[in-house]
Ligand SMILES: Nc1nc2c(ncn2[C@@H]2O[C@H](COP(=O)(O)OP(=O)(O)OP(=O)(O)O)[C@@H](O)[C@H]2O)c(=O)[nH]1
Ligand SMILES: [Mg+2]
């Protein structure tokens, strides 16, 4: 039997954004469609096509595609392939665009116009957006849009995508039927494009070299072989110090608020299952995770600042040689760095890696980067076991331990990379081909939007998967109730208690008690769930103590350290494993990663436990 696949395209003419990486396509897309797609100051942020809708003043509803940036229409990596396929009209489930919005960086026309000429050869109507006009004008470069339009034979608009300049003019232009006439393709062969652009720039008086901007001056320090790495270490170190130092006050407010609500419920509600569900399940469990919101936001504020300023690709550049020693190129840096937020976007970002072997290795390393979901677990254990002490120079001990945990994650990734370098065939030595963008002042508005988005994602997780899982744990640890003649604490008779006891022998050698064991199981759904689950288990079995105080009393230091070691490597996240399966198209990688890292986590926790016991 033969089956034909029929694609039904939504109504409305289709526009596609085309341009080199980092020229502001997504910023423009967000302004045109009201979306909030990720915008950041480095190449390769967008790796998938994203669709949005826009309305023209004349009332026409159009569809707009945001595409990954590309240098040419001869793709070298999976993300560039996406762009090529869409333009050629062979992308699955998508028709060929009716118009191309070519976005260029106005301060870098010599390079960016090449793609515009290539776009013209596609025989589609084109509109040119002279983006980053603010940057160009600050450096004394004024492009005559009308003259450029005559030269190229397509409409040209000045735009500052981050401010929304040029967006209204574009909308109006789209109502003009003449805009939708295909541009005449260039007569000259592609090989002559460089010469043609040079001549064109000369005629427009745009061929003189720009005076060096502040970027060059800043880079003399940032990329300095000695000062550069030092500055990078300082930045990272400062970030983890801030996570503890700045979060203290807001964290105390949330805790006080939760305690106040719990106390109110305890005095005004009769004792019973509903009160226990609210106090032990909802407030102790989900609320116990919410407490970590300030720390997560501080971490993200740093990450967003580094992303928007343009520092990140510099860090990649500095680490390139070092990564070369591990058989990786600096290309892997951005995906690995995104994994500090969450491994899932990190794994998706590997689509920008052209070499298939490098891509798989990077995917395998992404779960070892310390994602933000581990932060609540780390912060809980550090808060309970590491004294709040200042070392020499006012360095906070707690922040230092957090820094060490992140470093441990990176060190284990380095060890795995080194191992894979010796186990798998390597391609030829590759040098990093990555653009170093101009530094930008981060915009407060974008930063605020980014933080709000992050806060919202976290709160949704707490209210969704984390709440559901902690309520399940509450149910399992509250029922069945203890028999009348019970001698041991009631929770030990519950399903959770029984399951924990049954699994406990497996984890005894690495120092985990049964409470930890039953927190780890729902913790597979999301790492933070373990914190909520522990909070609930302890809330059910004891009265009115904060989780931090309880575990500080009841666990030994070696147990806490072993759990930290477990969390550094364990692939405690089913969605990450599912993403690996989707991105690699098979079971081999996700199963391999899960087996290897669970084994490694068990070993690391066991070793930590034994060593810590021997030394205390
Ligand atoms: N000053 C200034 N900055 C801009 C402008 N447009 C975008 N930016 C900044 O330029 C950087 C890149 O913007 P993006 O929209 O992520 O670029 P992109 O073309 O989508 O990049 P890829 O997805 O990597 O291909 C971000 O830091 C933006 O804030 C502009 O007109 N002026
Ligand atoms: Mg983009």
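Along the chain as shown, the residues are counted starting at 1.
Keep in mind that glycine also has a Cβ here, set from the backbone N, Cα and C atoms.
Bear in mind that TrEMBL entries carry predicted annotations, made automatically and left uncurated.
Here is what TrEMBL says about this protein:
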DOMAIN    12-180  domain 'FeoB-type G'
TRANSMEM  226-246  transmembrane segment
TRANSMEM  252-270  transmembrane segment
TRANSMEM  282-306  transmembrane segment
TRANSMEM  326-348  transmembrane segment
TRANSMEM  360-386  transmembrane segment
TRANSMEM  398-420  transmembrane segment
TRANSMEM  455-476  transmembrane segment
TRANSMEM  512-540  transmembrane segment
TRANSMEM  547-569  transmembrane segment
TRANSMEM  589-612  transmembrane segment
Look over the recorded stretches 226-246, 326-348, 398-420, 547-569, 589-612 and say which has the most C-beta pairs under 8 A to the transmembrane segment (512-540).
547-569
Recorded stretch that, among 226-246, 252-270, 326-348, 589-612, has the most CB pairs under 8 Å to the transmembrane segment (398-420):
226-246
What parts of the chain pack near the transmembrane segment (589-612), using Cβ distances under 8 Å and only residues at least 6 beyond its ends?
360, 363-364, 367-368, 412, 509-512, 557-559, 561-571, 577-578, 580-581
I'm a bit unsure how to read this: which one of 252-270, 326-348, 547-569 has the highest number of Cβ pairs shorter than 8 Å with the transmembrane segment (360-386)?
326-348
Pop the mean pLDDT for the domain 'FeoB-type G' (12-180) in here, whole number is fine.
91
As a test: from 226-246, 282-306, 547-569, pick the stretch that has the greatest number of Cβ pairs under 8 Å with the transmembrane segment (455-476).
282-306
Grab the same-chain neighbours of the transmembrane segment (547-569) for me: Cβ-Cβ under 8 Å, and only residues 6 or more beyond its ends, written as numbers and ranges.
284, 288, 368, 370, 374, 377-378, 380-381, 383-385, 405, 408-409, 412, 510-513, 516, 527, 531, 534-535, 538-539, 597, 600-602, 604-609, 612-613, 616
How about long-range neighbours of the transmembrane segment (326-348): same chain, 6 or more residues beyond its ends, C-beta under 8 Å?
42, 44, 47-48, 300, 303, 312-313, 315-317, 319-320, 354-355, 358, 361-363, 365-367, 369-373, 406, 413-414, 417-418, 420-421, 426, 430-432, 434, 573, 575-576, 579-580, 583
